[in-house]
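Over in Swiss-Prot, the protein carries these features:
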type: ACT_SITE; residues: SER184; note: active site, nucleophile
type: ACT_SITE; residues: ASP208; note: active site, charge relay system
type: ACT_SITE; residues: HIS295; note: active site, charge relay system
type: DISULFID; residues: CYS34-CYS40; note: disulfide bond
type: DISULFID; residues: CYS122-CYS133; note: disulfide bond
type: DISULFID; residues: CYS269-CYS293; note: disulfide bond
type: DISULFID; residues: CYS317-CYS328; note: disulfide bond
type: DISULFID; residues: CYS331-CYS336; note: disulfide bond
type: DISULFID; residues: CYS466-CYS482; note: disulfide bond
type: DOMAIN; residues: 370-482; note: domain 'PLAT'
type: CARBOHYD; residues: ASN92; note: N-linked glycosylation site
type: CARBOHYD; residues: ASN366; note: N-linked glycosylation site
type: CARBOHYD; residues: ASN441; note: N-linked glycosylation site
type: REGION; residues: 106-118; note: region 'Required for galactolipase activity'
type: REGION; residues: 270-292; note: region 'Required for galactolipase activity'
type: SIGNAL; residues: 1-30; note: signal peptide
Amino acid sequence: MPMDVRGCLFPSVQMLLCWLVSLLLATVGGKEVCYGHLGCFSNDKPWAGMIQRPSKIFPWSPEDIDTRFLLYTNENPNNYQIISATDPATINASNFQLDRKTRFIIHGFIDKGEEGWLLDMCKKMFQVEKVNCICVDWKRGSRTEYTQASYNTRVVGAEIAFLVQVLSTEMGYSPENVHLIGHSLGSHVAGEAGRRLEGHVGRITGLDPAEPCFQGLPEEVRLDPSDAMFVDVIHTDSAPIIPYLGFGMSQKVGHLDFFPNGGKEMPGCQKNILSTIVDINGIWEGTRNFAACNHLRSYKYYASSILNPDGFLGYPCSSYEKFQHNDCFPCPEQGCPKMGHYADQFEGKTATVEQTFFLNTGDSGNFTRWRYKVSVTLSGAKKLSGYILVALYGCNGNSKQYEVFKGSLQPEARYIRDIDVDVNVGEIQKVKFLWNNKVINLFRPTMGASQITVQRGKDGKEFNFCSSNTVHEDVLQSLYPC
């Protein structure tokens, strides 16, 4: 299905054309279309006739979009039950439980509610909680040109809001127990639902909210912090759509905004031939895993966080560059939030809006990482060139070897680096040191670590290890608590 964003223009390109179009459209009187219990939808500003979305079109009707609510619960984890706000009897006859939290999962462009990742997310939730998990299917409204799909989000959001209202008025179910999780365009669907419910929804999670037709627009058009009591956002594809094909927003739109790996290029999503030659108007469903890898990482990170609550700690920092240069370590006294499912456990989650956090993840498969600062003081007879590596050994497991430094190795000098460990080793009991210079040396020099200090990111706790030994290259040296 082509992704045609010609109706969604960007301030950074074709500014003059956009301004002229916007000026022309401003002279045209706004109109609206009404869809029964969902109310009326205007095609005037700010919904249309703006620089970012000059096309004055309407969202499709509810009948054309055909939004469906697919309910999964702990009692029916494999087969959904369809519930309808216009027929409350379907809710009463289902496994929907009033004493549980309800989490809606909302797909984005060219996706569908029966896609595997939505059910996978539900099933992970069932492993840790009793929950009503509703997959929102609006594929008939999402599998069209992108511009039309972006306008259709308003009707889907209205449908969700109406269902939540029915649950509240007919069954006494509080909107505070509702969590809306939206990917891409689904993030803005969630925002529209939250806006219609006047921000009384308990939580909205935006998974790489879509940029085209939304970034830079007024709050009522896009996801923003006022749409729920708590809004958290994961940005994974925030590079500009022109020329980098970044589909996600770089704009901060939540109380907590997480930028894993800097928010632009995710590990395991390196550029390939297909993603470099594909045109913005020619992305079809069969190639989305190639061309939109970064964009899809957001829901994969969230799903992984459900069963790995401690492996996605976000560090407050003003930029990814400062984060990478060790300027934002360890977590402050009030702690760091957990990106993903457990972000709402952070005590300062709504202290202010647009709080910014950075972290690193793994590539495909094991995304979780635990951050440490490692300080190595060397010992030896003379200066050498090469690299040094350290492995952590704890009560929960052992890490692989991580490079701390490469270059000139000076005895008595100290080398410091932050590392992102792929295993939660727990309380560190010992460390192992190794050095190598990849050069044949007949004198077989030795070097060692006299002291290694490891500081844990989550709480700043330090572990100190010492040794008086030196070792030949490629020979492991064990250090124990001083």
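Including glycine, each Cβ sits where the backbone N, Cα and C put it.
Residues in the region 'Required for galactolipase activity' (106-118) partition by DSSP class (helix H, G, I; strand E, B; coil) as 3 helix, 1 strand, 9 coil. The residue listed as 'active site, nucleophile' sits 5 Å from ASP208 (active site, charge relay system), counting Cα to Cα. Closest to CYS328 (disulfide bond) in space, going by CA atoms and restricting to the recorded positions CYS40, ASP208, CYS269, HIS295, CYS482, is ASP208. CYS331 (disulfide bond) sits 25 Å from CYS482 (disulfide bond), taking the C-alpha atoms as the reference points. Across the domain 'PLAT' (370-482), DSSP helix (H, G, I), strand (E, B) and coil residues number 0 helix, 72 strand, 41 coil. Within the model, the domain 'PLAT' (370-482) shows a mean pLDDT value of 94, rounded to a whole number. With respect to their backbone Cα atoms, ASN92 (N-linked glycosylation site) and CYS293 (disulfide bond) stand 40 Å from each other.
Separation of the C-alpha atoms of ASN366 (N-linked glycosylation site) and CYS466 (disulfide bond): 32 Å, rounded to the nearest whole number. Restricting the recorded positions CYS34, CYS122, CYS133, ASP208, CYS336, CYS482 to those with a CA within 10 Å of the CA of HIS295 (active site, charge relay system) leaves ASP208, listed by sequence position.
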